[in-house]
Structures are given as structure tokens and as C-alpha cells.
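Below: one structure, written as C-alpha cells.
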Amino acid sequence: MLSIQQPLLVFSDLDGTLLDSHSYDWQPAAPWLSRLREANVPVILCSSKTSAEMLYLQKTLGLQGLPLIAENGAVIQLAEQWQDIDGFPRIISGISHGEISQVLNTLREKEHFKFTTFDDVDDATIAEWTGLSRSQAALTQLHEASVTLIWRDSDERMAQFTARLNELGLQFMQGARFWHVLDASAGKDQAANWIIATYQQSSGKRPTTLGLGDGPNDAPLLEVMDYAVIVKGLNREGVHLHDEDPTRVWRTQREGPEGWREGLDHFFSAR
């Protein structure tokens, strides 16, 4: 049985999980966020978004000062009390955004793959794609260790593109709406394990972990959690885990923040 009184970390995806996929509303999750905050349970945001976007959202959600995982694990924003850790305030894994952009531009020029990156357009275009304000859309372009893109070619070409990236030490990852290119060594799972170990080192005891996500790129995160909530999502691929023991994995009937609330209700209130 889970209790918010025990040493606990909650890791959560954003779009389609804690935030509504279309309106970005999070109010259905607000009561649980308040309850966790009052119990001093860290809610660690974990997303494909940039750290600039996530810091803005973190403050909006009342979670400022906590660590977060940005760009699918390629960037870790450290907790404000971790100032003695090398790299503070952020740890960046592997190849930089600029280097990845150079690789993609070369592949597009020489092998004629068809895609559009966030670097190819302005904030007004991204605002149209996402429904964000222009000021928020501008934050989506502040990548440090990944590139976000829209794929505009065939499935066959995608397989070729993925293979070429793998040869170059990169990975091609599907998110809720867009595709992401990042260092092959980076991942939400590695970033989460690093944060868990840091909390364990501080307290002397490994905290119990609960993760929530809705897309294929959340699977690595949910695999390393003690308990997992798979929020009903829009992605046709869904989320599939190696261990879907119903005592540790709950699939919600509701989407977005209502599903987020349902998952917390299942593992806490209903047990």
C-alpha cells in the first residue's frame, strides 16, 4: 500500500498526462498537487520540452525548486538545494543541440530526407502548431541537447533515417505530437535513476517511486518506476511495458489531468 507519508518521488510527463493535450489545462490534478506539496513529496516533471518551457510550467504548477527532466532525459535541471553538484544548475548529456542540428542538416541535404525542425520556423508557426502563445512558443526553441521535428516522409524513409541516426550515435524518438532526435545515451530512465540515487544519497534510503505517462517515449521512465500509471492517450502506438503486473501498473480510463488524478486515486485513496 502506498502512502504519501512514506519516502516517495512522483515522476510525471506533461502533455497528455498532467496537462490536457489541447488546452494545456491541469486543474483536475490541482487537488493532488496541493496534497503532495503539503506532504513534501517531490513531483518531478519529465518531458520532451526544453528546460526553459518546463521551468515556466514548474512555477505555474507550484513546483519550483524541484529537479526536472527536460528534452527526454538529455537535460536534468537540478534541485535548488543541489548547488554543490558539478554542472549546477543543469546537467546536459551527450551531443549538443547545435551538433545534432548540423547532422540533421547534412542528412537532409545529402540524402533528401523530408522533415521540418523547430529551428526551421519562427515562434508564430510553432504557436499555430501547438496552440501555445508566441512567448511560450519561443521557449520551445531553446533546445540544449535535442532537436524537435515534424516528419514529412514515408515510413520506409523513416526507417532509413532512424538507422542513419543510430550509426551516428543518435536516437529518433516519438513524442505525443512531434519527433525528437537526441544522443543515444540519453533517456528519461537514466535521468530518473540519477535523480533517485541523488535523493537516496541525501536521505540514506531509496524512496518509493511512482511514474505517470501517456506516450511511447514515457515507457523507459515507467519501466524503472516501482509503480506506474499509464494515462489514456492520443498516440496510436500506446504504452507497452515489459512488466504490466496490475499491482504496480494502472491504465486509466480518463485522459490527461483527469487520468492523472485517477491514477493517484488508485494508488493512494483507493488502497
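Glycine residues also receive a Cβ, built from the backbone N, Cα and C atoms like all the rest.
Among the features that Swiss-Prot reports, active site, nucleophile is placed at Asp13, with the record citing sequence analysis. Summarising the annotation, Swiss-Prot assigns Mg(2+) binding site to Asp13, Asp15, Asp214 and lists sequence analysis as the type of evidence.
Same-chain residues that are not part of Asp13, Asp15, Asp214 yet have a Cβ within 8 Å of the Cβ center of the Mg(2+) site turn out to be Leu14, Gly16, Thr17, Leu18, Leu19, Ser21, Ser47, Ala176, Gly213, Gly215, Asp218, Val231, Gly233. The binding-site residues Asp15, Asp214 differ in how many other CB atoms lie within 10 Å of their CB, and the one with the most is Asp214. A simple way to gauge crowding: the CB of Asp13 (active site, nucleophile) has 30 other CB atoms within 10 angstroms, across all the protein chains here. Asp214 (Mg(2+) binding site) is 8 Å away from Asp13 (active site, nucleophile) when you measure Cα to Cα. In three-state terms derived from DSSP, Asp15 (Mg(2+) binding site) belongs to an extended strand segment.
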